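Feature annotations, reproduced from Swiss-Prot:
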BINDING   Arg66, Ser67, Gly68, Asn79, Thr83, Ile84, Asp85, Lys93  substrate binding site
Amino acid sequence: MTDLAAIKIVRLDKELPLPKRAHRGDAGVDLHATTDAVIAPGHREIVGTGIAIALPLGTVGLVHPRSGLAAREGLSIVNAPGTIDADYRGEIKVCLINLDPEKPIMITRGDRIAQLVIQKVELVDFEEVEELDDTVRGDQGYGSTGKTA
């Protein structure tokens, strides 16, 4: 028996392993590629993971790049982190990109291509107003915190 919350999962590709953590305290579980792919430098490819999940309302799945692949190969995720909404029930797919300027990246079926992190999320409604409360920062945006008086 485990004290971790259970997420319902459908294995769409029975030959691939279920997502799992490498270590008990890891935030993310590994996602595996359903197909082989060659991603040319600067190009992207949408790759299936062979799973669909049912997230509880008030949670979100975030698909992150794997740090080792990013560092060694230049493999990343175009929209990192990818967002899996609680009401989505289709296959989780990952839009991979090759950031290496010269070398293609080979993806082999079964490779661990991304990590899925499940988080609680605050669901809110928006209230339209004419103006916002004043703050010390105000409307100072990009680069404003690096300025000195």
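For all residues, glycine too, the Cβ spot is worked out from N, Cα and C.
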Mind computing the max CA-CA distance among Arg66, Ser67, Gly68, Asn79, Thr83, Ile84, Asp85, Lys93, which the record assigns to substrate binding, rounded to whole Å?
26
What's the most sparsely packed of the binding-site residues Arg66, Lys93, counting other C-beta atoms within 10 A?
Lys93
Let me check the 10 A CB neighbour count of Gly68 (substrate binding site). How many other CB atoms are there?
10
